[in-house]
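Peer 1: Sharing a structure, written as C-alpha cells. Questions coming.
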Amino acid sequence: MLEKCPIIALDFSDLASVTTFLEHFPKEELLFVKIGMELYYSEGPSIIRYIKSLGHRIFLDLKLHDIPNTVRSSMSVLAKLGIDMTNVHAAGGVEMMKAAREGLGEGPILLAVTQLTSTSQEQMQVDQHINLSVVDSVCHYAQKAQEAGLDGVVASAQEVKQIKKQTNEHFICLTPGIRPPQTNQLDDQKRTMTPEQARIVGADYIVVGRPITKAENPYQAYLEIKEEWNRIK
C-alpha cells in the first residue's frame, strides 16, 4: 500500500521563512505542501517553481471565486505552473466550477471548498443565511462539485462519511483542521479531528499546519503525524 503524506501548510509570508523551515527536513524526504494566499501573493509564481525544483508536490490553495470566464482563464495560467492540486469555492456555482475544470485541464487535482473548518453552525446560518445544518450544506456543495466534474472537495473530517455516501467512495475528501491528539492549542479551526480519526472516517488527504510548522522539531512532528495517518490496525 502506497504510503500517504500529510500535506504541510506552508503558512509563511516569504521565501526566506520557507527555506528555513525546509532545512529541518532531509533532502530525500519528498513532501506534499500547501501554498496559500499569503505566501503566493508575497512571492508569486516563483515560489511554485522553487518548491517544484526540490521535487515536492504542491497544493495551491487560492480558493478562486469569480465569474466563470475569469476563473477559466486564471486556472489556465495556474496549470502552466505545474501544480499538483488546487481549488475553487463551491459557492461560485456549477458553471464556475465547470469553467475551472476546463481551464485547468485534466492533470492537476481540482477540489471545491465547501464550508471552511473555521465556520460554525451559527455563523453559517447568521452570516451566510443558509438554514441548513453544516453537514447538509457541505454535502450539497459536494454533490454540485461532482456534477461539475471536479475530483473532490475540501471539508472537515467530520463530514467525510456523509460526503462519500452522497457522492461515491472515489470522490476525494481533503480535510484541513487536523490536530494531533496531544495538541491543546486554541486557534480559528472549529471542526477538527486527529490524523487517526481522519483516516478512520475515510479522508483521502489531510492538511496539517501549525502542529508541524510551529513544532520544536518540525521533522519529528511530521513523522509522528505521518505514522499515525498511515497506521494500520
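Every residue, even glycine, has its Cβ placed from backbone N, Cα and C.
According to Swiss-Prot, the protein carries these features:
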| type | residues | note |
| --- | --- | --- |
| BINDING | Asp11, Lys34, 61-70, Thr117, Arg179, Gln189, 209-210 | substrate binding site |
| ACT_SITE | Lys63 | active site, proton donor |
Peer 1: Neighbour count, 10 Å Cβ-Cβ cut-off, for Gly209 (substrate binding site): what number do you get?
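Peer 2: So the Cβ neighbour count for Gly209 (substrate binding site) comes to 20.
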Peer 1: So for Asp11 (substrate binding site), how many other CB atoms are inside 10 Å of its CB?
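Peer 2: Within a 10 Å radius of the Cβ of Asp11 (substrate binding site) lie 17 other Cβ atoms.
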Peer 1: What's the most sparsely packed of the recorded positions Lys63, Thr117, counting other C-beta atoms within 10 A?
Peer 2: Lys63
Peer 1: How many other Cβ atoms sit within 10 Å of the Cβ of Leu62 (substrate binding site)?
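Peer 2: Other Cβ atoms within 10 Å of Leu62 (substrate binding site): 17.
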